[in-house]
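For 438-449, the entry in TrEMBL reads compositional bias 'Polar residues'. Per TrEMBL, the feature domain 'Major facilitator superfamily (MFS) profile' maps to 8-425. Annotation comment: TrEMBL describes 431-464 as region 'Disordered'. Positions annotated as transmembrane segment by TrEMBL: 12-31, 43-64, 76-91, 97-119, 131-154, 160-181, 218-242, 254-277, 284-302, 308-330, 351-368, 404-421.
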Amino acid sequence: RQGIGEPSVYHAVVVIFLEFFAWGLLTTPMLTVLHQTFPQHTFLMNGLIHGVKGLLSFLSAPLIGALSDVWGRKSFLLLTVFFTCAPIPLMKISPWWYFAVISMSGVFAVTFSVIFAYVADITQEHERSTAYGLVSATFAASLVTSPAIGAYLSQAYGDTLVVVLASGVALLDIAFILLAVPESLPEEMRPVSWGAPISWEQADPFASLRKVGQDSTVLLICITVFLSYLPEAGQYSSFFLYLRQVIGFSSETVAAFIGVVGILSILAQTVVLGILMRSIGNKNTILLGLGFQILQLAWYGFGSQPWMMWAAGAVAAMSSITFPAISAMVSRNADPDQQGVVQGMITGIRGLCNGLGPALYGFVFYLFHVELNEMAEVETLGKASKPNMANPTDESSIIPGPPFLFGACSVLLSLLVALFIPEHNLALRSGSHKKHSNGAQAHTHSPQAGGSDGKEPLLEDSSV
């Protein structure tokens, strides 16, 4: 194997940490560049940029997941990390090109899809929920210190140094994948060779969703993911900007907020997640996470004081257990050679949310006239006033965060759908996939297990 040692979860953890650490460094400079580039309707333009990126991610995720099932994970880890980090150096070179490349990078911005498939290749079923929790916690950990470091360096030495440092971390990630990450997909799991054909159905995200619709359990899980991640995606794209401009947080306070919530999220996704999965089960853990998310979004929506944001942030950390629990449930019930397709499908739904969520949040902010004043003006006014309101007499002064209330309603629907997800009657299928001695046999016989090509459910009720 190329790389250092045997493939392990720690390889995946380092890849995720470095990628999002690089982007975390840019939190403060990106808010400045965004407002300088789009001084009018900043929330709306922010939503549209992230919206295009998310929609492209949705369209490409199933294809990349299916290709990684055939050609291996390492090459696609390299591809997704490279293109996801490609916009970083452009921030200081040309802001317009920076935002344009961010939008276009969505085609390959599906690192989590490949990472979860990588982890599934090298872990047993009973280990998978813990491993997914570790990966998600690493994502949170990368955002604990990097925004604070970026804010300090930006204030002390300027944004240019921060962009150079972030570019260096991204290059380090690429070098780590090239030199240290071994391939996780065994040869016998791959169809024939690199020349194995990929059907249009595998590349078509809508065909993947239609296939999901044939399995009622997967359909319920996917609806749950869509309704719960839609507000999360919108919140993630605009929340730091919201804290800075609407609540009146300074850049240092925003960095501290990210750090505290990140630390709590790490604890939630490692210690708390493991305890909950063992004590109350997979499904009840998902329901509990959704309940915390509803409370968090409602608090953000009505909260107008800094202390309210801090309290809601603590609740947000507990809501972070939802997606690792969902990923574990899906992966536990998928065939070994279908892990990339399944995780690509879920990541594709998240990608669709990454497109619709930011655009929706930006549009709702625009409808409620939540606009920005000059950055310096916000810094001098501080927390005592609300410089964001274009018209202090309109309804936005009564409901500071209207998009968050919409998000709370969406997650409530998600919770109701999740109640119908079966937990105890799902089992890993023992069909012909696991018994093939080589990739050619797997490729030949896999359609027979489902009765017809393209109609085999990814998850199956054990009672059938």
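Glycine is no exception: its Cβ is also placed from the backbone N, Cα and C atoms.
Keep in mind that what you see is a predicted model, and the values were worked out from it rather than measured.
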Recorded stretch that, among 97-119, 254-277, 351-368, has the most CB pairs under 8 Å to the transmembrane segment (308-330): 254-277
Reported mean pLDDT - the domain 'Major facilitator superfamily (MFS) profile' (8-425): 78
Between the transmembrane segment (160-181) and the stretches 12-31, 43-64, 284-302, work out which stretch tops the count of Cβ pairs under 8 Å. 12-31
Please indicate, using numbers and ranges, the residues of the same chain that are 6 or more beyond the transmembrane segment (254-277) and have a C-beta under 8 Å from a C-beta there. 24, 27-28, 129-130, 133-134, 136-137, 140-141, 143-145, 147-148, 150-152, 240, 243-244, 284-285, 288, 309-310, 313-314, 316-318, 320-321, 324-325, 328
